[in-house]
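Inspection log for the structure reproduced underneath, given as structure tokens.
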Number of protein chains: 2
Amino acid sequence: MPPADPMTDPAEDRRFMAAAIALSERGRGLSTPNPNVGCLIVRDGRVVGRGWTQKGGRPHAEAQALEQAMDRAHGATAYVTLEPCFHLSPRGPRCADLLARAGIRRAVIALRDPDPRTNGQGAAWLRDHGVAVEMGLMETQARAAMAGFVLRQTRGRPAVTLKLGLSLDGRIALPDGSSRWITGPDARAHAHLERARHDAILVGGGTLRCDAPRLDVRLPGMESRSPRRILLSRGEAPSGWERIKRPEDIAALDRVDHLLVEGGAQTAAAFLRAGLVDRLLLYRAPILIGEGLPGIGDIGLADLAQAHGRWALADERHLGVDRLEVYAAARSA
Amino acid sequence: MPPADPMTDPAEDRRFMAAAIALSERGRGLSTPNPNVGCLIVRDGRVVGRGWTQKGGRPHAEAQALEQAMDRAHGATAYVTLEPCFHLSPRGPRCADLLARAGIRRAVIALRDPDPRTNGQGAAWLRDHGVAVEMGLMETQARAAMAGFVLRQTRGRPAVTLKLGLSLDGRIALPDGSSRWITGPDARAHAHLERARHDAILVGGGTLRCDAPRLDVRLPGMESRSPRRILLSRGEAPSGWERIKRPEDIAALDRVDHLLVEGGAQTAAAFLRAGLVDRLLLYRAPILIGEGLPGIGDIGLADLAQAHGRWALADERHLGVDRLEVYAAARSA
């Protein structure tokens, strides 16, 4: 390995990698079946190229960033959230090769590609072509941003987010089922943004019958980002919907790396029982409902001790008077 | 009104008043039937006396702070969370008189005393005796710290806090009633500290029968701070307990300015239906329970619109892996 540039600054590296990870989030729910990678090209402390994996997976983040950077990529540093691909594809060039040819002098990579067709070979290629490579910077954050791709590789299934809109006392509706509105406009807009960041949304038969949800993205300019709609049911799916019979069937969903489960209580419980929830999105309104509908049915908990240690707070923010809390499954890859 | 000292500094005033309010919290649940006042005496930017209303109401905060300050009170500023008392009492001296005699030059007061026996007369007495008086600084915070006293004066009833220990999905127990433990040791210790800050704890008949709660303060050195125990029930109260039949009967509880309601769901709902909850203490554990017992029963909500605008986040903190959220009733005095 060639020595790293003596001018490198760890704080600056983290800042640029954080920016690359933020870029990668733009491709979430869009880049499938390719991972949503982010790439930043920096020369002399200035960003000269930015890219993220585009719709359907092409172009790759690196190709897009290099196209922006043009000649300025020569001697620059590339920050990439995933090891540049090495394998040949009829759909586009190999990013490791592209970076080396463009004269990139140093590549900082967050996550080694678990895809066996690359898995270290992209980095090796770069090194063989005179590029200084550092791997592992902010790997945890990059892994979280590309959770669906990682889980496809490691567990053969998409990443699953369970969304709940709750009162302080944990109710999602009045006894008659009315739930408009628990949360306010800011929280609802955020929830629509989350829809756009998933490849598909799933609800159960009860929710479909009672609420007839549209499950689309109702944000100006983002209507085309509405994800596919999936029904968990033993019955027939309506036109425009796909159907699975059991939570485990998500593994077979083609081109779904990020799945959003939106209800109801039995569906949420089925995914939790199966250990198939990686992330909780809790939109909490500062209201009390008292008697009403719970968000989660029977998850088969025999003992409170079993409930502990499974969830860790990953993010939180205020959305108007409401609050969003994001919890990550402790055991999730 | 004499002119304020030209050397006064608003930021310093706020800092010292905040300290006086923090002192006042020490007397909560202890000073009844007197308000839990805090007092700080400051000369040349240095604290020379600190006081808070002691057990049973005497000595008053000002008397205690003056005793500490001794001669140093001469020319000093007194920060008091409540207007110093003016009325004559067989139990002790009038604080307005004490402050004036001690040579206090300036009195900064948070809250005008709503007690008609003082209500502005303490401040007037101070001014008449050459003390510069400023009233209203951090009134809202002082009012919250002395909520029980204020509500006794304005509504003829104690301040009521409803405590819930919840999972993320709003459950307080498994279906069989087991609730040990939802929250961890830090949250439970904090809940015991809250007990010590109340004059009495109330539970319903169901909770008494099922959980046989001791409702004491199990913190080293604070066992003597265990509050009185009150049962909401139509039946008989066990030995060592008092009993009320309806939430409204709290008005008749002697020497109870701060009441903590600890459960169960029907009791919580009864107080909420009656509009008699001023503060919510939510201890939230990062666990999911699914099917289980809710913390709050039927509060008679006909429409979700009615539920909004009633609660505002007042405080929050991490307690180990758990979180405490404190909500204040929006309409509470």
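The backbone N, Cα and C atoms fix where each Cβ goes, glycine too.
The shown structure was predicted, so the numbers you read here are calculated from the model rather than taken from an experiment.
A:Glu62 (active site, proton donor) is surrounded by 29 other CB atoms, counting those within 10 A of its CB over all protein chains shown. When secondary structure is read from DSSP and collapsed to three states, A:Glu62 (active site, proton donor) falls in the helix class. Under the heading active site, proton donor, TrEMBL lists A:Glu62.
Around the Cβ of A:Cys85 (Zn(2+) binding site), the same chain contributes A:His60, A:Arg94, A:Cys95, A:Ala96, A:Asp113, A:Asp115, A:Arg117, A:Thr118, A:Gly122, each under 8 angstroms and 6 or more positions distant in sequence. Taken from TrEMBL, the feature Zn(2+) binding site applies to A:His60, A:Cys85, A:Cys95.
Note: A:Ala269 (NADP(+) binding site) has non-local neighbours A:Ile296, A:Gly297, A:Asp298, A:Ile299, i.e. same-chain residues 6+ apart with C-beta under 8 A of its own C-beta. DSSP assigns A:Ala269 (NADP(+) binding site) to a helical segment in the three-state reduction. Feature annotation from TrEMBL assigns NADP(+) binding site to A:Gly165, A:Trp181, A:Arg195, A:Thr207, A:Asp211, A:Gly264, A:Ala265, A:Gln266, A:Thr267, A:Ala268, A:Ala269, A:Ala270.
Close to A:Ser179 (substrate binding site) in the fold, though at least 6 residues off in sequence, lie A:Gly165, A:Ile172, A:Ala173, A:Asp211, A:Leu293, each with a CB less than 8 Å from its CB. According to TrEMBL, the substrate binding site annotation covers A:Ser179, A:Leu215, A:Arg218, A:Glu262.
If you look up TrEMBL, you'll see A:11-134 marked as domain 'CMP/dCMP-type deaminase'.
By a Cβ separation below 8 angstroms, chain B lies close to these of the recorded positions A:Glu62, A:Cys85, A:Cys95, A:Asp211, A:Thr267, A:Ala269: A:Ala269. When the record's NADP(+)-binding residues A:Gly165, A:Trp181, A:Arg195, A:Thr207, A:Asp211, A:Gly264, A:Ala265, A:Gln266, A:Thr267, A:Ala268, A:Ala269, A:Ala270 are compared pairwise by CA position, the greatest distance found is 25 Å. Of all Cβ atoms in the shown protein chains, 25 besides its own fall within 10 Å of the Cβ of A:Thr267 (NADP(+) binding site). Within 10 Å of its Cβ, the residue among the binding-site residues A:His60, A:Arg195, A:Arg218 with the fewest other Cβ atoms is A:Arg218.
The CA atom of A:Ala265 (NADP(+) binding site) is located 17 Å away from the CA atom of A:Leu215 (substrate binding site). Between the candidate binding-site residues, A:Cys95, A:Leu215, A:Ala265, the densest Cβ environment within 10 Å is the one around A:Cys95.
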